């Protein structure tokens, strides 16, 4: 029963973007912060980045295919540089972002990495989550909490711009638009176009320009297109109803803008040009990296300022997403939970939230809802392990918790007959007693993980790590797998 | 209905006023005064059937007029349960702040000075005995009396309680009867279920009125249980009057000191919820029974 | 030494000076609990009558706890100015009361004889005084002290801003601190009671507040009210400690229970002088309260009020910057009602001042006492009229960490405005600069914690 007061875990974050690939390794300190006579409360109390990789160009086999083997070599060499072996990594996430995320071969990367990027490193992505990680990594989330001002972070990468709006440190809104610095490619420091992506073609069309790959272009010719794209990025901050180019380039629903925004932070590869003293004056400056990132950055700044937004400097620009991923992807469960199993860690556990609004009143009705949902998703006979997620029992009374326990057991009869572990994720602080009730109601011993104080509503899959702090808590990574979208 | 009546009322008053004014029996000022009173939607006869009532605005409501940064004040209010961002009338609190303070103090005082109801004890099927303190006043001023059972209680406990069990549960009002009524209905069944599932032999829980923590030593000396746990009302703060603590001790004797007790505090719906606390206490009790020690001695074994 | 008195047709005989001292007290539940209180109203008056006739020499010869047995007694006797004592030793307690109240007697005179008075003499005098007597006597005495700023300046009333938080959250504490400053509270000290008594927490809180003081140029002092030994460790590690705090009591046994001794306090004071962040020379902050010895079962049969006086006798050797009395905090077994608290507060204020201490009062109450907000406000106004140097300042009057009620930020501002008192001079300038105070009154802008969030 040895309970240490704190424990350190090593977390890796890997960001494979349209243009660049990066990795950070951080050390998280978890501690029981509850004093003396209080029930323990284990929290992450410190996050320290102990290794930052170089910024690599994402290795591609061709335009559509990421070189998974090369990516894994990058990871391997960075581990070596940090003096770590895969076994020393406790948790983390790979995030495949931007244009790359669309590509069908994402799964290959994940498979290639999962083997050696630590026992517990898995793929996480999705435009919303990516945006939020970037905003946490850039410092926008913290800024909103410290200054008590709604702050938006726009992570402008090679292919996309990801918005996350923060209010008092919490992400309240997110969106993604298909604007990035790498959408048109050039000869380095030259003026010849080598490639025009689909979204760039749409932008060209809407501005009435007719550029083709192979053509040479002047700065006055290029500027209106880039300006149009920059204005699209700013449009999303101004209104939630869109027409024209902005509408066409939006990849997700637009920002809701429930609270008006004044403070803006830009992160991502283009960010440094937003905060530069001067804009590029020649094509050679624009295409220093074979794209138009420097020009997009400058035009974005001009458009933002013209529209009256106040630009704040981020703590991190190009590394924001990877730092956010490395330090923010791990959540801890509540500190009173019910664990009765030996199979942790569990990877890629599908999350099912059967209860749309309130929990029904009787065990029978609860069971019905659960059964219907399991059937609809054809879970019972598939291979996968699922987690049943919910906000809480009808009330926090022991009676309602018992009813919920009985209902869940009844509803999961078929699923449990295949000897799969029972996994419950509940937001309300009642994981331990719910687990106890399920145990007491079951007529046999169950393999069970019943954890609480986690919001998993909007995610598809979770990873549950090995218990920490003498079994008090488990680390959980929430994820949205790109290849299912 | 009410609206129609009001309208009618206004029309009648207005015509009467106008008639009086015409006859010079009412000045223009007087007329205006009466009319403005009539225009207010205050019913003349209070409607006792109405479900409308006066309540406090939500606690998180920011009460400062024209703050420099309203978001900051709202955020600060979330960071602490302290009464901040409450504004002022001159140098004094606003009316609602004053009344809320009085209400919170009233609830706290009621928790201390009122007894756990007979109806509650019956509903929970709890036997009730009393400490040597005969009244709340005596209980508060004579801590020594709250630490031992009355003569009659000694007899009742000796006769009715099962002896030599592993765990004896006491429910003690302590400084908050409200904490007992608010938490025991969910805590006790969760704890009983947990102990039963673990195969632990438990004596029937009972209630002690006007008791303090140390009364568990006296009870343990009679029932001879391995472990005795008191679920006792904490001294109320203005934030909550419903907080409960659990004090556990392994085989207390005359040399027992405060540090020999294992304590879990802050059990209430805003702290650790009572049902979850019941499940957690089961684990703690198992640890104590396994280690045959509680308090500091238990921690040293960990 | 006459220990017998006749009140009309009843004769009362007492066995000892200690018994007389206990029975001369106004009613308090702690004296009842210990079983030393007067059994009747007449017996109480008889004890006062006996007391009034005792000389200071009688008292000198009969310390309530022997010199050999108790460090507190030794501190009191060893610190006494024997020359002054010799001059006044033939005075009776009744005469001393009249001397205190006499128009011709000034605060200076009282400061002078103070050095020749033992704590029992001071307690005995206070036992013969009514509420208004205590206010009149206290008001004469003004004790100034200096840490970073000067406390006790005539015409001022200062406050300790007490931004406690139930889990020591830095952000939560800061929120309450900003609110307090926005009401003009915090010139005596910014003093936080931590939940966790460890060096890390104490250092974190001290550094946060100190940085805030520096950033906003706030002229005040900084203190975290952990155990003295924890603060000493923090000091050793370089934490910015302006004032070293400790709770103390009137018997060696009670101080043992608090984990303090003269040796520890000496070391703490020396450490504050060598490694503390304040100007000084006054670097200590003590808290005391009637009844702490009773609740620790360390009273040795002496009444609460006398023990409280002895606590002041113990404190004065350390030349504290501030001494705060929290009699209302101890609990109903020692002080049961609002009436008992108000009486204790006035006694303590008077006794502390006559010991030459820079006294402040926390006219507070807990929820298991028969006291309420009205009692507290009456106590506050009376103590302010009696010239308390400072009070506490707690958001909305509700301390969410210690679970008791004390003077609110609103009460702080109100008391100043009612009695025409000002903040400490440097702090008043700062409040004016911040636009919180104008001509001694709160401005429109006051009471808004977000003025610090630019």
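Each residue, glycine too, has its Cβ placed from N, Cα and C.
Any TrEMBL annotation is an automated prediction that lacks curation.
The following features are taken from TrEMBL:
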BINDING   C:160, C:161, C:162, C:193, C:287  substrate binding site
BINDING   C:194, C:246, C:295, C:401  adenosylcob(III)alamin binding site
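Recorded features from TrEMBL, shown on the structure.
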residue	record	contacts (Cβ under 8 Å, 6+ apart)
C:160	substrate binding site	C:185, C:186, C:188, C:189, C:190, C:191, C:322, C:324, C:360, C:390, C:391, C:392, C:393
C:161	substrate binding site	C:177, C:180, C:181, C:185, C:186, C:189, C:190, C:191, C:393, C:409
C:162	substrate binding site	C:180, C:191, C:192, C:193, C:392, C:393, C:394, C:399, C:406
C:194	adenosylcob(III)alamin binding site	C:168, C:201, C:202, C:205, C:224, C:225, C:226
C:246	adenosylcob(III)alamin binding site	C:227, C:228, C:258, C:260, C:265, C:268, C:284, C:285, C:286, C:287
C:295	adenosylcob(III)alamin binding site	C:330, C:331, C:333, C:334
C:401	adenosylcob(III)alamin binding site	C:164, C:165, C:166, C:193, C:195
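Same-chain residues with CB within 8 A of the center of the C:160, C:161, C:162, C:193, C:287 CB atoms, the substrate site residues themselves not counted, are C:164, C:189, C:191, C:192, C:223, C:225, C:324, C:392, C:393, C:394. Largest CA to CA distance in the substrate binding set (C:160, C:161, C:162, C:193, C:287): 15 Å, whole number.
According to DSSP, residue C:161 (substrate binding site) sits within a strand segment. Considering only the residues assigned to adenosylcob(III)alamin binding, C:194, C:246, C:295, C:401, the longest pairwise Cα distance works out to 22 Å.
Classification of residue C:287 (substrate binding site) by DSSP places it within a strand. DSSP assigns residue C:401 (adenosylcob(III)alamin binding site) to coil in the three-state reduction, outside any helix or strand. In this view, residue C:287 (substrate binding site) is surrounded by 22 other Cβ atoms within 10 Å of its Cβ, with every protein chain counted. Over all protein chains present, the Cβ of residue C:193 (substrate binding site) has 20 other Cβ atoms lying within 10 Å.
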